[in-house]
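Enquirer: Here it is, the structure, as structure tokens.
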Amino acid sequence: MVAWGRGLSVDSLQAGQGDLAALALPCVTLRWVITSSALEMEDLTCMVGSGNEFCCEAHFSGRFPDLHTAPAQLGRALGVSRTMSTRRLRSEDYNDYSSTDVTPEGSPPDGMNGFAHPESYQRFGETNGTTWYQTLIHLLKGNIGTGLLGLPLAVKNAGILLGPLSLLVMGVVAVHCMGILVKCAHHFCNRFQKQFLDYGGAVMYGLEATPSACLRTHAIWGRRVVGLFLIITQLGFCCVYFVFLADNLKQVVSAANGTTNDCSSNRTVVMTPTMDSRLYMLSILPFVVLLTFIQNLKVLSIFSMLANVAMLVSLVVIYQYIVRDIPDPRNLPLAAAWKTYPLFFGTAIFAFEGIGVVLPLENKMKNPRQFPVILYVGMTIVTILYISLSVLGYLRFGTDIQASITLNLPNCWLYQAVKLLFSFGIFFTYAVQFYVPAEIIIPPLVARVSERWGWLVNLLLRVALVCVTCVLAILIPRLDLVISLVGSISSSALALIFPPLLEIATYYSEGMHPLVIAKDITISLFGFVGFVVGTYEALVELVAPAATVVNATTVLVQ
């Protein structure tokens with residue numbers, strides 16, 4: 001059931017006043033999912049206008065409710081955090097629809113008598129949204145990180161010929177899946193007259209569009225599953241950052257006594273014994289905890305910019321080193337053993353897993369119609385960068401390539417500075433990546449306690465989440481396995497499995513060409529096989545590691 005309403009103030013909503021049957025709610029869409037359980041609010045999204053006026057969409061599940069009690073239930077939901085009504089929502093840069101002719105999200109443009117026709121639908125960008133150039137920079141930043149530094153080892157696991165070809169194919173497929181997600185989101189924005197949709201919302205509406213009554217009834221689980229995998233992915237990134245920081249700091253400290261200004265490639269450096277990398281993780285844990293206490297995105301954006309500059313400078317220095325003195329590549333295998341290929345898959349899909357930033361970036365643009373071009377241009381740059389660094393890195397270091405290419409750099413002051421500079425960038429990137437799961441997990445739990453203890457619960461939950469990522473990193477202290485495991489488990493689902501299935505769910509009832517269905521099923525099966533086999537091989541390697549561990553050496557020959 002869908003009902004529309006206008007004119008009720010926030011105060012009266014909190015008091016439980018109003019009558020849904022009389023359409024007194026302010027621009028509220030209520031979607032009822034009929035099950036045998038008790039009535040329960042599943043989701044609530046609001047946009048604020050002037051004069052303390054709300055436009056909301058609420059999702060309930062349960063027995064068919066009493067229409068006269070619904071305003072009180074919605075009022076209690078809005079009353080959980082009164083400060084959300086103005087300060088938080090306005091900080092999200094939502095448009096004020098009260099003084100324009102633009103229809104708010106989900107509200108009927110023609111009063112109570114009907115919906116707008118699909119052909120009259122138009123996507124409006126943010127008034128203070130990002131330009132095409134800013135969006136391109138954000139897209140590049142969302143796809144370039146520690147996964148890039150692990151790709152040379154991934155090529156070693158696939159072969160000097162099979163690896164780059166597989167990276168190219170995987171890049172094309174990943175970009176195609178991003179395009180599918182954007183197309184499906186546009187379809188539902190058009191159909192339901194919405195201004196924007198996130199990944200979870202698109203999957204939820206996709207399930208509601210399927211012929212299956214069971215999937216329609218449990219469509220809200222689509223949003224929950226996507227949210228779960230987003231949390232796993234982001235926290236997995238944070239685990240990778242712990243291992244990366246520990247490995248690089250350990251190598252810098254171990255080689256400190258032998259560090260000189262001589263960056264020649266024929267020096268043998270004896271590494272000074274130092275503490276285990278897991279102790280380094282514990283050492284940096286307090287600093288990471290303090291960093292995550294910063295909850296203001298504007299402040300985090302400053303650190304993100306510093307991280308971008310640090311990593312950009314580091315990449316330039318790394319490139320200028322690996323293109324020199326490349327040895328004869330004829331001894332390198334064209335295709336590696338099939339047993340190590342799943343490890344390549346996990347690392348590669350980890351690097352290409354930027355699909356979570358696609359819809360948020362498009363939603364924040366001044367002109368969203370430019371986004372498809374930006375997506376393809378940006379991901380072409382990313383794919384070229386991935387293939388070039390992975391091939392050049394493997395050619396330069398051969399079988400000695402380590403889990404992060406920074407660990408292969410000489411131990412002179414210049415390249416020691418590069419390791420520290422990149423570690424500096426990764427350290428601050430941790431806070432940005434941590435922000436997403438923190439905003440999903442923490443607010444609902446804080447809402448269950450009184451306002452007096454809310455700040456303390458918030459900080460304790462942040463400490464607990466950071467400690468979880470640190471403990472997981474300690475349990476799996478090998479950077480290559482952490483990257484492969486995170487990529488196989490969560491990144492494959494978000495980047496390869498879900499988007500093709502979403503396209504089938506969205507368009508099947510409207511008629512799809514059999515070749516399109518076969519293509520979508522093939523991509524999803526490819527992602528699922530990679531998910532199963534990649535996870536299995538990473539776990540096997542973790543339990544019974546090979547004789548040579550690529551990132552734990554005591555003597556480094558340059």
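From the backbone N, Cα and C atoms, a Cβ is placed for every residue, glycine too.
So TrEMBL lists these for the protein:
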DOMAIN    129-538  domain 'Amino acid transporter transmembrane'
TRANSMEM  161-182  transmembrane segment
TRANSMEM  225-244  transmembrane segment
TRANSMEM  277-294  transmembrane segment
TRANSMEM  301-322  transmembrane segment
TRANSMEM  342-361  transmembrane segment
TRANSMEM  373-393  transmembrane segment
TRANSMEM  413-432  transmembrane segment
TRANSMEM  453-476  transmembrane segment
TRANSMEM  482-502  transmembrane segment
TRANSMEM  514-536  transmembrane segment
Enquirer: With the transmembrane segment (342-361) as the reference, find which of 373-393, 453-476, 482-502, 514-536 contributes the most Cβ pairs under 8 Å.
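Expert: Answer is 482-502, with the largest number of Cβ pairs below 8 Å.
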Enquirer: Going through 161-182, 277-294, 453-476, 482-502 one by one, which has the most CB pairs that fall under 8 Å from the transmembrane segment (373-393)?
Expert: 161-182
Enquirer: So if I exclude everything within five residues of the ends of the transmembrane segment (482-502), which remaining residues of that chain have a CB under 8 angstroms from its CBs? That is, six or more out.
Expert: 146-147, 150, 173-174, 177-178, 180-181, 184, 199, 202-203, 206, 226, 229-230, 232-233, 236-237, 239-240, 243, 342-343, 345-353, 355-356, 403, 473, 476, 519-521, 523-524, 526-528, 530-531, 533-535, 537-539, 542
Enquirer: For the transmembrane segment (277-294), I need the partner stretch with the highest count of C-beta pairs below 8 angstroms, choosing only from 161-182, 225-244, 413-432, 453-476.
Expert: 453-476
Enquirer: Counting only CB pairs under 8 A, let me know which of 161-182, 413-432, 453-476 has the most with the transmembrane segment (225-244).
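Expert: The stretch I would name here is 453-476.
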Enquirer: What else in the chain is close to the transmembrane segment (453-476), if you only count residues 6 or more beyond its ends and a Cβ gap under 8 Å?
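Expert: Result: 235, 238-240, 242-243, 246, 278, 281-282, 285, 288-289, 292-293, 434, 437-438, 441-442, 445-446, 482, 485, 542.
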